[in-house]
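What Swiss-Prot records for this protein:
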- 6-26: transmembrane segment (TRANSMEM)
- 62-82: transmembrane segment (TRANSMEM)
- 132-152: transmembrane segment (TRANSMEM)
- 175-195: transmembrane segment (TRANSMEM)
- 253-273: transmembrane segment (TRANSMEM)
- 283-303: transmembrane segment (TRANSMEM)
- 327-347: transmembrane segment (TRANSMEM)
- 356-376: transmembrane segment (TRANSMEM)
- 379-399: transmembrane segment (TRANSMEM)
- 416-436: transmembrane segment (TRANSMEM)
- 483-503: transmembrane segment (TRANSMEM)
- 526-546: transmembrane segment (TRANSMEM)
Amino acid sequence: MVASGFLLIASFMLVLFVLSRPLGGFLARLIEGEPFSALQKVEAGLWRCSGVKNAEMNGWQYALAILCFNLLGIVLLFVLLMTQGSLPLNPEHLPGMSWHLALNTAVSFVTNTNWQAYSGENTLSYLSQMAGLTVQNFLSAATGIAVAFALIRAFARHSATTLGNAWVDLVRITLYVLLPIALIIALIFVSQGVLQNLDGYLHITTLEGVQQTLPMGPVASQEAIKVLGTNGGGFFGANSAHPFENPTAFSNFVQMLAIFLIPCALCFAFGQVVGDNRQGHALIWAMSLIFIVAVVVVMYAELAGNPHLSPLGADSNSNMEGKESRFGILATSLYAVVTTAASCGAVNAMHDSFTALGGMIPLWLMQIGEVVFGGVGSGLYGMLLFVLLTVFIAGLMIGRTPEYLGKKIDVFDMKMTALAILVTPTIVLLGTALALCTEAGRAGILNPGAHGFSEVLYALSSAANNNGSAFAGLSVNTPFYNLLLAAAMFIGRFGVILPVLAIASSLVAKKRQPAGNGTLPTGGPLFIGLLIGTVLLVGALTFIPALALGPVAEHLQVWLAH
């Protein structure tokens, strides 16, 4: 079993690097603005029809365009979800959502969170799934990548004032990257048996003579961008545990690769654009080391399972509760770490049924900001925030002004870095406290004790860090949780994006200084170790008290009793 686990991890990482490296080269060309003759006429036609000028923007113009674009997306999706009962492509005649659930869902999909307080097969029409959720899966992913593009340009350029054009970036990312790759992935999913139709639900009689309804729908097209764009919202309530969404071990492996593909490729692109591939490789090494350790811990915890099972007559202590037998413990553990290291949130098992230790690792990966590969775009700019913090700490230790890639990191940069790093922990801890201190918040907790606390902490961590997965023992389809989590998702998304763009605006104007004798090398093993230590230190200082009240206490209860 140990050999199988390491073989699975090694094969996953190998295929990931083989696929992401050439994609990184293509993304580097997009960042640098190289024209692509194949679609240049299509692009020019879009600018003429829309009346948008493709002149470059400064930092605040870029931020305003991104913010307005996403606010408009929230409004349009909210209206669609509220009125779906009166619109076509609704063969099951499903009514519109309640206003608070529609608001929660609109904010969720526009912010790339895809938190779902509903089950798709009995709540959403095909039109809402296709024109609403699937469209936002593309656009929210493009938003994150565009912000990463702007920050990469800020490091690569010097003595400049502009970061690119937000509209050009959004269109080119969608047209050249997301749509073609999503089409290929969708065809792979269809070949594996994922549904893709507009038929009405099938009403059948089982062998036992019981009536059963089989949901249909355009699943593969949404499933492809769900994983590629690290969105995570499932067409069905069971998400990727549903056999119509993720039917085989091969489709499961492809989903995991798709989740990490663009985040990993962006690291390669970063190194190419700044003119030093070692910088991108250092980020990948730091991310990979944390990721591999996390996977090993979850696999160990789930294989160890519950020590109380064998004395009760079970064949094994291993924890198969809430898992699909077609995937098994190893692939399920890998998927859980992939989806929470990235801001995806798709699940192929019930995270609420993991052991206390096995469930704590996905929770912790979200709490450190999902910087271990992370979401499309957000993973890279999140890790670069920790890079800036690391060089600042190193500068304090040796008494030098911190610098990164030849650019001095000043007071404003560090203020924005601190703001971006601290905004999500603040939301998580305050939101959890609010839920536990109010009657409306406590009413949703279905499990007592440490596990009930973990469910609330997981929900706020997932929402604030734009992940979307859940410990599903919490009743969240209430006005209190829908509004609380909507606020957490919105602030968690744009409370990081706006400081990142402010940092980019500051860095792009600076001159690049040649490296001196006292300059900290940022492409070697020493810096990789410092970076990992900084990520772990910030995560530990922020969340250890909360984790001690939840999963740590639950783990000790199980094993000390044994």
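Indices start at 1 and increase along the chain as displayed.
Here the Cβ of each residue, glycine as well, is placed from N, Cα and C on the backbone.
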| query | the transmembrane segment (483-503): which same-chain residues, six or more beyond its ends, come within Cβ distance under 8 Å? | reply | 59-60, 62-63, 66-67, 70, 100, 103-104, 107-108, 111-113, 115, 117, 143, 147, 150-151, 154, 163, 378, 381-382, 385, 388, 412-413, 416-417, 419-420, 423-424, 427-428, 431, 434-435, 441, 459-460, 463-466, 476
| task | Might you confirm whether the transmembrane segment (175-195) is in contact with the transmembrane segment (379-399), defined here as three or more C-beta pairs under 8 A between residues 6 or more apart in sequence? | result | no
| query | Which residues, given as numbers and ranges, are at least 6 beyond the ends of the transmembrane segment (175-195) yet have a Cβ under 8 Å from it? | reply | 26-27, 30, 36, 39, 42-43, 138, 141-142, 145, 216-221, 223-225, 227-229, 243-248, 250-251, 254, 258, 261-262
| remark: Beyond a gap of at least 6 residues from its ends, the CB atoms lying under 8 Å from the transmembrane segment (253-273) belong to 12, 15-17, 19-21, 23-28, 31-32, 141, 145, 148, 152-153, 155-156, 177, 181, 185, 188-189, 223-224, 227-230, 240, 246, 279-281, 283-284, 287, 331, 334-335, 338-339, 342, 344, 346, 348, 373-377, 379-380
